[in-house]
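Here the structure comes first, spelled out in structure tokens, and everything after it is commentary.
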Amino acid sequence: MKLLLVEDEPALLASVVSYLQAQHYICEVATTYAQAQEKMLLHDYECIVLDLTLPGGDGLDLLRELQKHQKAAGVIITSARAAVDDRITGLELGADDYLPKPFYLPELSARIAALVRRRHYQGTNLLQAGELSVDVPARRAAVAGKPLTLTRTEFDLLLLLLANQGRVITKGAIAEHLSGDAAEQFDTFENVYAHVKNLKRKLTEAGAPNYIRMVYGLGYRFDVNG
Amino acid sequence: MTRRLNSPILPHQSMKLLARTTVIFLIYASVVAAAGTFVYYNFIRKIYYQYVDRTLSRRKLRVDNDLRLYLHSPADLAFWHRLDHNVEFVPLAAPGPPAAFSVRMMYNKLVNKTVPYRQLAAPVVFQGRPYRLELRTTMLDSQELLARIGQAGALLFGALLVGLLVLQHLLARRLWAPFYKTLGALQRYKLDQPEPVHLAPTRIPEFKELNAALNRLLNRNQRIYRRQREFTENAAHELQTPLAILRTKLDMLVQAPGLTEEQASHIEPLLDVTQRLTHLSRSLLLLAHLDQQLFFPTETVDLAAVIRTQLGQLREQLAGGSLTLATDLVDSLPVAANRSLLDILISNLLSNAIRHNVPGGTVRVTLTPQLLIVENTGRPRALPADQLFVRFRPGPERPPGSVGLGLAIARQICETSGFLLSYHYEEPGRHQMRVRM
């Protein structure tokens, strides 16, 4: 699964590459407009993570270029420019998703996973993790064939966890994933605790092993290997 | 207008400039009219007396002549008086005082009443004996004279008054028109309006200077305001990338194998602070965008559904404070608004009602087609309404972790969306945020 990461900030790029590589993605990087332009026209990528403010040009122009050359890559815009019209223009120009900076790495990973799923598996899309199987388009989950009754939030939480298996997802990342970036954040994480607790209970009641573990109060990790 | 209502005892305090000028003119005119009438009256009187006295003096010369040539006995003197009541001879024992004019009241048979007479009393000698000669003439009634002159003065004053009022009206219409136009433009002026103020051109130098000075001032203010707004936006914007680095590095740090509990305890506050900084910079950016009146696309959003969804998401927070939730919502209420902004507005109001509640208190949400009320239990005293919506509001009411922008954002969103947000206090201890649609 090959990704192109377009980002001019080296420190940020390093974290993103490092996180996504551990998720078994093949990451190529571009730090300038020209580099990005060259790479995305020469190669085919599963997904392009695109920063809008680049040395040498505007990321939105890269989108136009992609459209012109009918490149079939999925695009996630990551931008510090949170202006509403940027978001709209970006999506109009064929971007699939818009993730404002600063973002959480597990969130980016989940968005990439969702994008890849949408592009590859129309209709049938079964995620398998240990005894857990999740039908994403139908929004159904089951443990060893036994269906789970999950709320919308719990299902979203499960998707985030599955997209970041074996990684620690901080409470803040979960909170933002569940409430969206628009909602005012509480400094407490009561919502996160409650939803994780409910999900864990439902999983164990359905007979699944304890997949979700808390990591020192920082966050949670989903791991089928315990 | 309101000031006039507030101080009925001192109406001149809120009197218009022109009205004030008129009042001063009127006072001046009445003083001049009163003094003028008085002086005029005395002047006329003096002239009149001089005329009468001169006539009497001439008659006295004639009487002197008659005494010498035609009269022969005291009986002639009495006969003369009978013929003309205005000529009288009073015999004296000794020679009388010198000639003097006086006014005396006497009965007049012709008009059948007592009227004033001007009299010249002069000593005369007839056949070697002293007499006092009294020559009289009726005078116009001085009261009537005064009345006539007063009438003339009043007429003059009236003409002056009418003229002044007409003049003032014309002045207000013509001369002061540029001033009132400028005033109107300033009253409509808002610092954050996108278009510059247009002050109507005028030929009057004073108003020209006033407009020029105002234009300089307004442009300068607008420039400063715009620069500050841009500064806020740029500052918030420039924060995003460092925050992104901070966040992702922390995300990497928590993945480190063999992370100890002690290390985790150092990382946790960093996560919280980063979270808070992110929220702060996003809030600032949102406010900057709202201030700039950037275009926020509107769609039809069901406000009732938004509230229900958000209340569902806040269940844990409500439970955490042992709060009771009471709702009275219409089934559905479509409003034309930007969905994200509406989400933020409702979220901020609900979070506010939860944050500032008391343990065991109530959050009451009422939605009618015109009005949304979010109410929370709190301290039994009204909050200062004007300070509630201030950005970075300090004060003891602010709970830790809050950046103090929630209500400022809510108000700005309401303004952008054409809603009206206000605070109301109801006894006992019920604090309400009302959004009027």
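From the backbone N, Cα and C atoms, a Cβ is placed for every residue, glycine too.
Feature annotations, courtesy of TrEMBL:
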type	residues	note
DNA_BIND	A:124-224	DNA-binding region
DOMAIN	A:2-116	domain 'Response regulatory'
DOMAIN	A:124-224	domain 'OmpR/PhoB-type'
MOD_RES	A:ASP51	4-aspartylphosphate
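Counting residue by residue with DSSP, the domain 'Response regulatory' (A:2-116) contains 54 helix, 29 strand, 32 coil. Across the range of the DNA-binding region (A:124-224), the DSSP-based residue counts are 37 helix, 26 strand, 38 coil. Other Cβ atoms within 10 Å of the Cβ of the residue listed as '4-aspartylphosphate', summed over all protein chains shown, number 25. Residues belonging to the domain 'OmpR/PhoB-type' (A:124-224) score a mean pLDDT of 85 in the model.
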